[in-house]
2 protein chains.
Amino acid sequence: MSYKSDIEIAREASKKPIQEIGAKLDIPTDHLLPYGHDKAKVSQDFINSVQGNTDGKLILVTAINPTPAGEGKTTTTVGLGDGLNRIGKRAAICIREASLGPCFGMKGGAAGGGYAQVVPMEDMNLHFTGDFHAITSAHNLLSAMIDNHIYWGNELAIDERRVVWRRVLDMNDRALRDIVTSLGGVANGFPRQTGFDITVASEVMAILCLATDLEDLQRRLGDIIVAYTRDKQPITCRDIKADGAMTVLLKDAMQPNLVQTLENNPAFVHGGPFANIAHGCNSVIATRTALKLADYVVTEAGFGADLGAEKFMNIKCRKAGIAPSVVVVVATVRAMKMNGGVAKADLGAENVDAVKKGCPNLGRHIENVKQFGVPVVVAINHFVTDTEAEIQAVKDYVAEQGSEAILCQHWAKGSEGTEALATRVAEIADKGEGNFAPLYGDDLSLLEKVETIAKRIYRADEVLADQKIRNQLKEWEDAGYGNLPVCMAKTQYSFTTDPNRRGAPTGHSVPVREVRLSAGAGFVVVICGEIMTMPGLPRQPAAEAIHLNDAGQIEGLF
Amino acid sequence: MSYKSDIEIAREASKKPIQEIGAKLDIPTDHLLPYGHDKAKVSQDFINSVQGNTDGKLILVTAINPTPAGEGKTTTTVGLGDGLNRIGKRAAICIREASLGPCFGMKGGAAGGGYAQVVPMEDMNLHFTGDFHAITSAHNLLSAMIDNHIYWGNELAIDERRVVWRRVLDMNDRALRDIVTSLGGVANGFPRQTGFDITVASEVMAILCLATDLEDLQRRLGDIIVAYTRDKQPITCRDIKADGAMTVLLKDAMQPNLVQTLENNPAFVHGGPFANIAHGCNSVIATRTALKLADYVVTEAGFGADLGAEKFMNIKCRKAGIAPSVVVVVATVRAMKMNGGVAKADLGAENVDAVKKGCPNLGRHIENVKQFGVPVVVAINHFVTDTEAEIQAVKDYVAEQGSEAILCQHWAKGSEGTEALATRVAEIADKGEGNFAPLYGDDLSLLEKVETIAKRIYRADEVLADQKIRNQLKEWEDAGYGNLPVCMAKTQYSFTTDPNRRGAPTGHSVPVREVRLSAGAGFVVVICGEIMTMPGLPRQPAAEAIHLNDAGQIEGLF
């Protein structure tokens, strides 16, 4: 049996004009700002006009720790959205925009797969509606204005060694990680060491995704700390007077993008912050708008549930005043086998014991999510080599945990493959038995917040933080930032900080290497391990094979 | 009497849906890819479909050497287009897109002024349809792939000291002019000195503006020389295998943008290469498409006629196989006075003698344009302080040169103010008396081409080029690049290389400081004087005042 590739399926999509997709959510044509015939932004005026609507139910799709086998979180999000529409519900999905840089390295698209995709996938993996370019421009305008301020006399007395605001590009370019600027003489300013991050790592991205409206956006941009004086007083973006122009640059980007699934159901694709040094969810404004327009909104969070769902609940839900009615944890038989010790090359052979041995990773995530007071359903994302016995082993394990696992075949069959999941999820959401609360209160100390996550989610025994880090956290508390949530940056491959420890380990330590204050986004980043904020390209970048074919179609992007 | 500002007038515009504007040129709605309700790209398929149409008449608007008084070249281009429509002609205009960076420094918008503007002007001065962002991405992908190639073993044996391809940002950021990259250790590559230019200075911009279709685009991108080996053999973009992915990134950007004038007439706004190190005209694809759709196409070229018109004819027309039927040289009474020695502060007072004394600058441009075999009309762009006697002095002078000067009041009155000019221009174009030819043949040596321009356009006695430069030109001739035109980069304020020498000087020398090969764009850049390819921000950047007002409108951008 042979399968069509994602791109082949996407090209065969019978897309409807975006106005028809908007009409499904009662968005008038005038309030859809089109980008071509298959993409549109929803106008801020329209968003303002629906604030009185009742919210729909929010469904979060998260996953076990990612393995090289692939779990299909976005695919399941799309499939579940289509499934809900199939059973007659008014549902929309909310996912993140893709970063351009990694597409030229080795990462494929971020628009689902098989028969559960969002289209137009080429556009979504290239410039889309230009949001990330706007973020790049806004970020770098601030960078230019900081150096320009120093150049023209440095009235704010910025310590040139303490400029913490770098520059960004949406590109994998390791050469820009660590650079010296302003060489070449007096006319070019004061030389200093700095660097570029990839755009998705910009605090501006995190801010855009957490801001509730343009006013909130400008206030948060103004709050960004860009540098310190010699006596360590913070200098903000507002001091540099860049917040107004940055808001103007981001005005259009703040409006959520509407596209469609292969089954012509509405999909909001908006924002895409890093899932390590930021919170890794699509924008608050997209999710809140979708909730005003649809009865069910399916969304996802980056990485596994220990990072993605934790931040979704402790950061995004807390800040946006929203709560999930159900959480779907995606697992695959293959990933269970890898957690059970099987190598990737051997995944094709039936191995029920390995499945059973790997299940505790899934069990841990189920337990964790329940701590937030939210019902959990497991979606088993079906792969062709899965055997009945293996699938049954996962179902049995999940049932033992007091939850329920449902087999899904959306990759091969579209919404037909998620009817059972959609039906169950809608039932649970409608019952309204969830009682969501973040895992910690605002009033805990920053270190206590880190310890709460480390112990209750990662199941570590202790957090290791040296005196310098403790002092830094204390300083921020004294400066009024103690009420912020913490944004954990650690490997996504394990509950621990060691990417090779699969399963459900306990008794480990969580060493904090560095802490950073994102005063505009409104969280303290806690870095545990190596975090790369500017990726590089591989030996053979995907870009070498990307081209237009004779029919003018894009080849090699996925 | 008080006047409305450009932005006030633009906000009062009664814009029509872009589909109605397209309909004026018989562009079907399906072939207009909308960006919001007032901007669209014209599809490549539609462009292919009209290649059999007869070309309309091309009208170039150029100007005297710019003075601080302002000449209003874009304003006149827009006014003439509206005037032609007013007298019942099917006319379109073609102008350049604005660069984002300078808008945050001190430069105002680039969309005309008064009642002769193109709208939406805010969008045009911000992200517009994302073309410049696409160029930035394509340029920097190539940069990243070059360093990546060196990082992974440098199979092509690139000499790290001879990488000539820099990076770009659409930002005024002097700190990036001269930088050292790849610091921080082995994982970040090999440290080397390089820098950023502003996006409009990218060779990719020049290529996009000269390419006739996507295939030609990819071929030209492939031809870019990015580095040399130790024995000075060129390494191209094709060697780096970046040309395919860059073409994919530029696929949408290659399609011309359609917007409208305040009077709802079609305006193509596409591409915007630097007018010094590049040729300074809107894209060939936009101009050629407009010629297939309209009976009259009004376009402009950057700077004064000595640079802009010269390059338009010797580079763009030569490469695109097009020819202007009439050239309009824009002059103002105020600029004539400044050329006649009056200071900017004293321009308000009548001074007929100074007008007469300044007219030879205009006369020289008229003479120069006629050398290309094209009829010339002078447009006197009216300013409120102009007196009858001063205007008459310009008219008399131009008549003595065997041409005709026509007073235009489009800034204050829109198309009513250009009826006379439009009528005369259409008459001349219809007569078809022009007999266009570039000033020099492909077969002259590169130095002879420079000398031709220096002597016949700048009226210099000699070109000063040292042996190193002569050898370089010779090397390129030996390598097969001798047939390329030359792209002069000198000050726009004077016929000479000294920006302070107004009027119509003779007997000067043109020193060539540097030459650069733009093998993809297809010209040799000849730099005479200081050319800044990355601007800086002023002491008080315009960005500090740019913000959204309470009504959500953009303030301070102009």
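Every residue gets a Cβ built from N, Cα and C, even glycine.
Under the heading ATP binding site, TrEMBL lists B:Thr67, B:Pro68, B:Ala69, B:Gly70, B:Glu71, B:Gly72, B:Lys73, B:Thr74. Counting only same-chain residues at least 6 apart in sequence, those with a Cβ under 8 Å from the Cβ of B:Gly70 (ATP binding site) are B:Thr332, B:Arg334, B:Ala335.
Burial estimate for the binding-site residues (B:Pro68, B:Gly72): highest at B:Gly72, by number of other CB atoms within 10 Å. Within the same chain, the residues at least 6 positions away from B:Ala69 (ATP binding site) whose Cβ sits under 8 Å from its Cβ are B:Thr332, B:Arg334, B:Ala335, B:Lys337, B:Met338, B:Lys344, B:Leu347, listed in sequence order.
Among the binding-site residues B:Thr67, B:Pro68, B:Ala69, B:Gly70, B:Glu71, B:Lys73, none has a Cβ under 8 Å from a Cβ of chain A.
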